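One structure is given below, encoded as structure tokens.
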Amino acid sequence: METKEKIYNKLLKLVKKDNVKVNERLKDHLYTKLGGKADFFITPTTFQEVQNVVKLSNEDNIPFTLLGNGSNLIIKDGGIRGIVINLKHLNDISSEGNTVVAQSGARIIDASRHALKQSLSGLEFACGIPGTVGGALYMNAGAYGGEIKDVLDYAYVVDKEGNLVKRLASELNLDYRTSNIPENGDIVLEATFNLKPASYEDIKAIMDDLTFKRESKQPLEYPSCGSVFKRPPGYFAGKLIQDSKLQGTNIGGAEVSTKHAGFIVNKNNASTTDYISLIEHVQRTVKDKFGVDLEREVRIIGEDTD
Ligand SMILES: Cc1cc2nc3c(=O)[nH]c(=O)nc-3n(C[C@H](O)[C@H](O)[C@H](O)COP(=O)(O)OP(=O)(O)OC[C@H]3O[C@@H](n4cnc5c(N)ncnc54)[C@H](O)[C@@H]3O)c2cc1C
């Protein structure tokens, strides 16, 4: 890899100066409020800029990592080497007929609200999911019986070589909290959702109901990364954790939520190590008690500290 100074100068040729940060604290961008620094943190403003950065990364062998709203990520305290790409400036949402088109840095909550304003039904399930459109496609986000797979028509992505490519929803292998976006190395830039006309009042009533359920069941008063584990076939992760009497268990500042057993909250200045140790403790305890493997939904990335 080139020296940091050389990489910085090359990035300045591709992305505006204000949109290239060095040694950026990632905890400021993550829901858990945990994690180290990024060597470079860039916020491109056009599709072309994203393509150019991918090409630079290939030519100079500089790794890059996508960061959406940081609501499904734990980043280790050693931070991330190379370039972190955040698409917050690519956040346009528009609609035509029965479709809503959202750029990947837009919040999926805002896409859901936009659909409501157009009296289009299908994105109600997403009205409380705190991620971006890109992050939602990446893991086929879903809630209360709905998921991205049900409404996505197609997406524009930047592929590994830096080409802008259209991918139909059927090509993304969307399944329970997974897609082939990570294995293809795609960067999602824009998504087109196919929705159905419905009455504004009916859509609003569903969204209000889901918001009420979410606010009454989830510990939204503390930093967290949402449900830590996927639903194991035939079980509910939260119920297994509750029945293992793990609620309230803490390691350092991280705690298994007393309000929703599937959440681990950053209650008191937790370190990433606290968080990861607690996740592993929960996995071991549930395995010992019920013989069930809890697979993580949240992604853990980055470097350990020296
Ligand atoms: C309080 C709370 C409640 C939640 N409730 C739900 C829920 O009901 N349902 C649900 O499914 N999830 C839920 N989540 C988890 C989270 O909001 C979703 O997984 C969301 O889709 C993550 O989006 P993000 O932008 O925050 O992604 P990040 O956490 O930033 O990133 C997640 C992964 O997506 C990749 N990524 C991000 N953007 C792109 C892009 N443009 N192109 C390619 N890859 C990209 C990242 O590299 C990373 O690997 C919840 C989280 C919290 C904190």
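Just so you know, glycine gets a Cβ as well, placed from its N, Cα and C.
Note that TrEMBL annotation is computational and uncurated.
Within 10 Å of the C-beta of ARG177 (active site) we count 17 further C-beta atoms, all protein chains included. TrEMBL lists ARG177 (among others) with the feature active site.
Counting only same-chain residues at least 6 apart in sequence, those with a Cβ under 8 Å from the Cβ of SER227 (active site, proton donor) are ALA237, GLY238, GLY262, PHE263, GLU297, VAL298. Residues annotated as active site, proton donor in TrEMBL: SER227.
According to TrEMBL, the active site annotation covers GLU297 (among others). In the three-state DSSP assignment, the secondary structure recorded for GLU297 (active site) is coil.
Annotation source TrEMBL lists domain 'FAD-binding PCMH-type' at 34-198.
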